[in-house]
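One structure is given below, encoded as C-alpha cells.
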C-alpha cells in the first residue's frame with residue numbers, strides 16, 4: 001500500500017481560504033460544513049509578533065482515532081492508498097468521530113444524517129487529476145501524493161504551534177514552518 | 001449546546017440504575033414481607049423506572065442522524081466504548097422491562113432480575129463515562145467524568161426511589177419502614193454528592209493539553225458559566241437540606257409534595273451539572 005498524505009507550506013500560505021472555498025464548491029457543502037479549514041494562529045509579542053495560517057483537512061492518519069472509536073465500523077482505511085473513508089451504509093450519524101479527531105475532519109451532514117469528510121477527491125484522482133485544494137491554491141502551498149515522497153522532499157515535521165501533537169494519531173501530513 | 005438528547009439519555013438511565021438498586025435493597029432488607037406486599041409497593045416504581053429507561057432509549061435514538069442503522073452500533077465492541085455502552089445499556093433496559101412485565105404478569109417481584117439489572121447498570125455507568133474519557137475532548141478526559149456519572153446515579157436513584165416508595169409506606173402507616181428507607185436513601189444521596197465534590201476538587205489536577213484544533217481552554221469555558229455552576233450547587237444544597245428535613249421531621253401533611261419537590265430540585269441540579277459537562281465538549 002502506498003499511503004498518501006498532504007504537504008502544507010505555512011511559510012507560503014497567506015490565509016486566503018481559496019482551498020476551503022474550492023473544496024466546498026467541489027463537494028457542494030452548505031454553510032458550516034467544511035472538509036478543509038484554515039486556522040490562523042498568533043504567536044510571539046511585540047516587537048516580534050507572528051501570524052501563521054494553517055490549512056487542514058483529514059490527514060488520513062496511520063492511527064485514526066475516529067476509526068478506532070467508531071461504534072459502527074463505518075470509518076475505514078482504504079487498502080490501496082490508506083485514505084480514511086466513511087461507509088454510509090453503516091454510519092449511524094452518532095457524531096462520536098467528531099470528538100475523536102484532533103483535526104475536526106469528520107463533519108456532520110444534516111441532510112444525509114451521516115458523517116462526511118475529505119476523501120482526497122477520489123473521483124478527480126481516478127481521472128489523473130489532483131485534489132481541488134491543491135490545484136486551486138494560488139500560493140502553491142498545498143501538495144498531495146505518496147507520503148514517503150513528500151517526506152523525502154520536504155522533511156518529516158508534522159507539528160506546529162496551535163496544532164495538537166502528531167503523536168496522538170500519526171497524521172500523514174508534512175508541515176513546513 | 002446541541003447535546004440535549006444525550007443529557008436526557010444519561011440522566012434518565014443513571015436515575016433508573018440507581019433506583020433499581022434502591023428497590024433491590026428495600027426488598028433485601030424486608031425479606032419477611034410477602035410477595036404480594038412487595039409487589040403492591042414496587043408496582044408503580046417499576047413502571048416508572050421502565051418508562052424512564054424507555055425515555056432514555058428514545059432520547060439516545062433522537063441523537064442519531066440515521067436511527068435505521070442503529071444495529072450497526074454494536075459492531076465495534078473490540079475497540080469502541082460507545083459500542084460497549086450501547087450493548088450494555090440495551091441489556092439494562094431489556095432486563096428492566098422484563099422485570100416490570102414479569103412483576104405485572106406474575107404479581108410478584110423477581111429479586112434476581114432487579115439484582116441483574118443493577119449489576120449491569122453499574123457496568124453501564126462505567127461504559128457511559130468511558131465514552132467521554134476516551135475521547136479527545138480535554139475536559140472530559142478526567143476522573144471527574146466517572147465521579148460525576150456515578151454521583152448522579154447515587155443521587156437521583158436514591159431520591160427517586162424515596163419519592164416513589166416512602167409516600168406509599170406512610171399511607172400504609174408503616175412509618176418506621178419509611179423512615180429507615182429514607183435514612184438509607186439520604187446517606188446514599190450524600191455519598192453521591194461527596195463523589196461529585198471530590199470529582200470537582202480533582203478536576204483542575206487532571207487538566208489536559210489541548211488535543212483538538214478548535215478546542216477552547218476549559219477554564220475559559222467554565223468562567224462564562226459561573227452563574228449556572230453556582231446555581232447548580234445552591235439548588236443541590238437546598239435539596240440536601242429539604243431531604244434532611246424530611247428524614248427527621250414528623251410533619252406528614254405535605255410529605256408527598258415535599259418529597260416530589262426534593263426530587264425536582266435534584267433533577268434540576270443534576271441537569272444543570274450535565275449541561276455544563278456537555279458545554280465543555282461543544
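Each residue, glycine too, has its Cβ placed from N, Cα and C.
Unlike curated entries, TrEMBL annotations are predicted automatically.
Sequence annotations record features per position, and here TrEMBL assigns transmembrane segment to B:6-26 (among others). Here the transmembrane segment (B:6-26) has long-range neighbours at 41-42, 45-46, 49, 52-53, 55-57, 59-60, 63, 89, 92-93, 96, 111, 114-115, 117-118, 121-122, 124-125, 128, 149, 152-158, 160-162, 164-165, 181, 184-185, 188, 192, 267, 270-271, 274-275, 278, meaning same-chain residues at least 6 beyond its ends whose C-beta is under 8 angstroms from one of its own.
Here the transmembrane segment (B:46-66) has long-range neighbours at 3, 5-6, 8-13, 15-16, 19-20, 23, 89, 92-93, 96-97, 99-100, 103-104, 109, 160, 164, meaning same-chain residues at least 6 beyond its ends whose C-beta is under 8 angstroms from one of its own. Annotation comment: TrEMBL describes B:46-66 (among others) as transmembrane segment.
For the transmembrane segment (B:86-105), the residues of the chain that approach it from at least six positions outside its boundaries are 13, 16-17, 20, 39, 42-43, 46-47, 49-50, 53-54, 56-57, 60, 73-74, 77, 113-114, 116-117, 120-121, 123-124, 127-128, judged by C-beta separation under 8 angstroms. Under the heading transmembrane segment, TrEMBL lists B:86-105 (among others).
Sequence annotations record features per position, and here TrEMBL assigns transmembrane segment to B:112-132 (among others).
Annotation comment: TrEMBL describes B:144-169 (among others) as transmembrane segment.
The transmembrane segment feature in TrEMBL is assigned to B:181-203 (among others).
Beyond the ends of the transmembrane segment (B:223-246), by six or more residues, the same chain brings 159, 162, 182, 185-186, 189-190, 193, 255, 258-259, 261-262, 265-266, 268-269, 272-273, 275-276, 279 to within a C-beta distance below 8 angstroms of the stretch. Annotation comment: TrEMBL describes B:223-246 (among others) as transmembrane segment.
Feature annotation from TrEMBL assigns transmembrane segment to B:258-280 (among others). Counting residues 6+ beyond its ends, the transmembrane segment (B:258-280) has Cβ neighbours under 8 Å at 1, 3, 6-7, 10-11, 15, 137, 139-140, 145, 148, 152, 155-156, 159-160, 162-163, 166-167, 189, 196, 218, 221-222, 225, 228-229, 231-233, 235-236, 238-239, 242-243, 245-246 in the same chain.
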